[in-house]
Amino acid sequence: MASPSHRNNYKPTLEQVESMAATPLTDVSQQARQESPTPPSTAADSIQLQKDGLPESETSTLVTSAFERRLVWKIDLFILPILITINFLAQMGRSDIANAKIAGMGDDLAITPSKYSMLGSIFLIGYTVFQPAGTLFLHLLSAPVQFGGAMLAWGLVTICHLQGNTYTAVLVLRFFVGTAEAFVQGTVLYLSFWYTYRELALRGSIFHATSSLAGAFNGLIAYAITTTLNGVNGWPAWKWIFFIEGLVPLVFSLVVFFLLPSIPDKAKFGFSQEERDLLVKRSRAAHNTADTKLRPNLVWKALLDPKVILLGLLAGGTHFAMSSLSNFMPDIILGMGFSDVNAQLMSVIVYVCGTVTTLFAGWISDKINRRGIPLMISLCVMVVGYVMLLVTTSLQARFAATCLLAMGGFPAAVLTLMWMVVNVVGYTKRGTTLALMNIVGQVCGIGGNQAYSDPPLYHKGHGASLGAVGGSLLVCAIIYGYLTWLNKEKKRKQWGEKAAKLRDVSYDIIGDDHPDFFYTL
């Protein structure tokens, strides 16, 4: 690797930069070892980091090996399923209110459309207020304590819905469910500790596909409970829904407490020493540094970054539509003329469509190493769905349009997060950006819930969601163009004197301003 002084005198062309970017290089610590007597090699030490600054932003990807593939497979089988289950149960806890409503709670508690909108909004208020703590305190509390504690809390509060015999009581309980679930949103940040950038979109899609899968599963559970448990033990069907969906996360919290490792550096159960060494190297390759910690002075710097602001706006428009879609899905289908029970079953089809396209979008995104283009396509699918809902009265067409909303919306939500993860570097900056995106998203989600107050066709809500998604599409195009321009500027300045001085600064401090970091489009 050239010395800083050499870089100051040597200014390659763009073609030369791209040629060098294809050459595997070692990171700083490996360079130091090369300049000293070479120690005995291990399978972990044989991994070489590619040069930062790949033209397609393949930042610090790793040359694959059989040993590494086995390790990634172990992460996929051991850690990813725990995270998937956490997110799956969280999404069920969020959308169980929709199934409980049409399983009898709406009639028993005299819940009007405006009151129901408030139930969805109060959840988001609790969720939003505690979002920053739920993201930035991950290193302080540790993943098993934070995630396990959150599951224990929302499981208990969900079971307490059995005593929610008034609308006011349920309103208070929904606030606390939202508060507890805010502390599992750090799972996205935690996922980035374990996977390299070229692995994240597919794993993130698998992880977030549980959002749509949970909706489908909720519909099946609600159908089964409504037809078999209604009246058993003197409980109406909607109370059984809350009891079962509160008991499961409460029990699974024990698995999280005892099996989930906090960070790759401290992984013990199920990993050999050689595997732990490689886990750390992979985490460093994804710019998770050894000196990672919460740096309060970087919070405001992150909030003033144009990229972060644009990502927040993008998340806001997407969440406006997706939050209301999740909360009102059974009602939307009910308004098409289906019976209460059949509406539960038909919602399963919609969520399955969303699951399939989410997985495909994640796979193709990793395959082409792009996030922006698949995201814009997903948003366009949503636009088509909302237009169909507004202009057609055909039952079949309206149901197809609802499927399109899920097929575009769930991938859009995932790709928005994954685009942020690969383009915002440093624990504090990435955590701050994630918190901002979730806060803006949930605030917009509150607005989305309030817009859906005109059953059964919900034209006002669909129109508002169409505007929000159209705005997100515009912001997405702006981000794509802005990142393209930033990459050109970085390549132009990569070998300058200022870049040479910044090159040795920790990624955790300097973040994506590092001269060797390039953005994924």
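The backbone N, Cα and C atoms fix where each Cβ goes, and this holds for glycine too.
If you check TrEMBL, you get these features:
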REGION    1-50  region 'Disordered'
COMPBIAS  1-11  compositional bias 'Polar residues'
COMPBIAS  26-49  compositional bias 'Polar residues'
TRANSMEM  71-90  transmembrane segment
DOMAIN    79-521  domain 'Major facilitator superfamily (MFS) profile'
TRANSMEM  110-130  transmembrane segment
TRANSMEM  137-159  transmembrane segment
TRANSMEM  171-194  transmembrane segment
TRANSMEM  206-225  transmembrane segment
TRANSMEM  237-260  transmembrane segment
TRANSMEM  308-329  transmembrane segment
TRANSMEM  341-361  transmembrane segment
TRANSMEM  373-393  transmembrane segment
TRANSMEM  399-422  transmembrane segment
TRANSMEM  434-452  transmembrane segment
TRANSMEM  464-483  transmembrane segment
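In this chain, the transmembrane segment (237-260) lies in contact with the transmembrane segment (137-159); the count of Cβ pairs under 8 Å, excluding pairs fewer than 6 apart in sequence, is at least 3. Away from its own ends, the transmembrane segment (464-483) comes close to residues 306-307, 310-311, 313-314, 316-318, 320-321, 324-325, 372-373, 375-376, 379-380, 382-383, 386-387, 390, 412, 419, 423, 444, 447-448, 451, 519-521 of its chain (Cβ-Cβ under 8 Å, at least six residues beyond either end).
Sequence-distant contacts of the transmembrane segment (341-361) (same chain, six or more residues past either end, CB-CB distance under 8 Å): 99, 102, 202, 205-206, 208-209, 211-216, 219-220, 222-223, 226-227, 329-331, 333-334, 374, 378, 399, 402-403, 405-411, 414-415. On the 0 to 100 pLDDT scale, the domain 'Major facilitator superfamily (MFS) profile' (79-521) averages 88 in this prediction.
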